[in-house]
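Q: Quick paste from TrEMBL:
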- 1-17: compositional bias 'Low complexity' (COMPBIAS)
- 18-39: compositional bias 'Polar residues' (COMPBIAS)
- 1-39: region 'Disordered' (REGION)
- 47-69: transmembrane segment (TRANSMEM)
- 99-120: transmembrane segment (TRANSMEM)
- 132-150: transmembrane segment (TRANSMEM)
- 156-178: transmembrane segment (TRANSMEM)
- 199-226: transmembrane segment (TRANSMEM)
- 232-265: transmembrane segment (TRANSMEM)
- 286-305: transmembrane segment (TRANSMEM)
- 385-408: transmembrane segment (TRANSMEM)
Amino acid sequence: MSDSQSRSPISSSSSSSATDQNVSRSQRSGDGGQTLASGSSRHWRDIFWLAVFMLHMVLLGFGLTVLGLNRFQKKDRLNIDKYAAGITEHHEGLTEDYWPMYAVAGGVGTALGCAWLLLLGSRANQMMKFTVHILTTYLAVISVLCFWGEQFFWGVVFAIGAALQFLYIISVIDRLPFTMLVLQKSVKMVWSLPEVMRVAYAFMFVMLLWMGLWSFGAAGVVASSLGESGCWWLLVVLSVSLFWTGAVLCNTVHVIVSGMVFLVLIHGGREASSIPPNSLIKSLQYAVTTSFGSICYGSLFTAAIRTLRWEIRGVRSKIGNNECLLCCVDFLFHLVETLVRFFNKYAYVQIAVYGKSFNHSARDAWELFQSTGVEALVAYDCSGAVLLMGTLMGGLVTGTCTGVWTWFESRDRVSMVGSTAMLMGMVLRIHC
C-alpha cells in the first residue's frame, strides 16, 4: 500500500520526535487518548461513521448481488422463451458477458500493484522518476485514442488531465529531489518491518474479495436495459462506494503501519527489548475496532481535500503579477487550508498512537506541525502527489487493457467498462 506505507513513517517520525509535547497536549485537551506504547484500553471513536459505513456495506452487498443475479435470471427466462418459440438470434447484455472483463481488470491491477510494491523496495528512485515523467505522455496517448474511437468526452477529459499534469510537474519540479529523498527514506524504513508488508498483502486480498462482488454487480448494471443515463448514474454511485471502501482499507493499513513505526522509533529500534510483545496484533486490533469509525470518517473526505489543495497550490505558484486572479486563488487556498486543519492525512498517525477521534487528531497534528516548525517541510514535500501519480498510472493501464478488450466485444460499453476498470486498478494500486 504505497501511499499509506510511504507516508506513514514520515508522519510517525514527526510525532515521535515531539512525543512529550504531544502527550501533554492530549492530556490538556481532555480527549482521553492513550498512547499505543502504554497498552491501556481505548474508547470507541466516531461510532456514527462506523455504523454508516457498515450499513452501507450491508446494503450495497445486497444490492450488488441483486444487480448481478438479475441478469442471470433474465438469461434463464430468455433461453426458455427462445426454445419454446424457436428463436435463435443472439442476445447480448448479460452479466457473464462483462464480468470476465472486470476479472481481467482485477488481475491486471493486482499484478501492477504487486510489481510496484516489489520494485519500490529495490528501485524506489527510478520508479518514482519513471512515474512522474511517463504519466503526462500516457494521458496524452489515451486522449488521442479516445478521439480516434469517437469517445470525444473522454478524449477531452484525458487531454485536460495531461495538461494539468504537465503544468503541475513544471510548478513543483524544483521540489522533486527533496521528495525523492523523503520517499527513499520512508520506503527503507517500511521495508525493515516485513510484518507490515504481510498486512498490506492481506488487505489487498480482502479488497480483491470485495471487488469480486462489486464487479459482479457492476457487470449486471452494464448489461442492464436501464438506458445509458440510468446505467451511468448507478455506476457513479457504485464507484463512490468502491472509492470509499478502498480508502477505508488503505487508511486502516496506514494506521497499522504508523503504530508499528511509532513503536520502533520511540523504543530506539526494531530489536529493542522494550517493544511490547505482539505490537503488530495490538496495532491491528485498535485499527479495526476502536479507531475504525475515525478511519471511515476521514476516508470519506481527506483524499478529495488533499487533491484540491495540491492543484490550488500549483496554480498559485504560477500566477505571477495578476493580482485579481491571485486574490481569487488566495481565497480558495485559505478556504482549503481551513478544511485541511480538520481533514488531513497526518490525523491517521495521531489515531494510531493516541486513539483520538478523527477531527481531534487532524487538529492536533496540524498544531504540532505549526508549533515545531515542521509545517514548512510538509508543505515542500510532494511525496503524496508523486504516489498519487503512481496510482493514476496503475488505473490507466488497467482501464486501457480492459477497454481494448471491450472495444472488440461491445463498443457501445467501452466507456462504462473502461472507466470503472480504471477505478478498480487505482483502488488496487493504493493497497500496495
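Glycine is treated like the rest: Cβ placed from N, Cα and C.
Surface or core, plus neighbours and distances: that's what I need for these features.
A: Residues of the same chain lying 6 or more positions beyond the ends of the transmembrane segment (199-226) and with a Cβ under 8 Å from any Cβ of it are 1, 5, 61, 63-71, 93-99, 101-103, 105-106, 110, 113, 117, 234-235, 238, 241-242, 245-246, 249-250, 252-253, 256-257, 280, 284, 413, 416-417, 420, 424, 427-428, 431-432.
If you look at the transmembrane segment (286-305), the same-chain residues 6 or more away from its ends with a CB under 8 A from one of its CBs are 36, 42-53, 243-244, 247-248, 250-252, 255-256, 259, 336, 339-340, 343-345, 347-348, 351-352, 355-358, 361-362.
Within the chain, the transmembrane segment (385-408) has long-range Cβ neighbours (under 8 A, six or more residues past its boundaries) at 2-3, 6-7, 98, 101-102, 104-105, 108-109, 112-113, 116, 127-128, 131-132, 134-135, 138-139, 142, 149, 165, 168, 172, 176, 179-180, 183, 307, 310, 414, 417-419, 421-426, 428-430.
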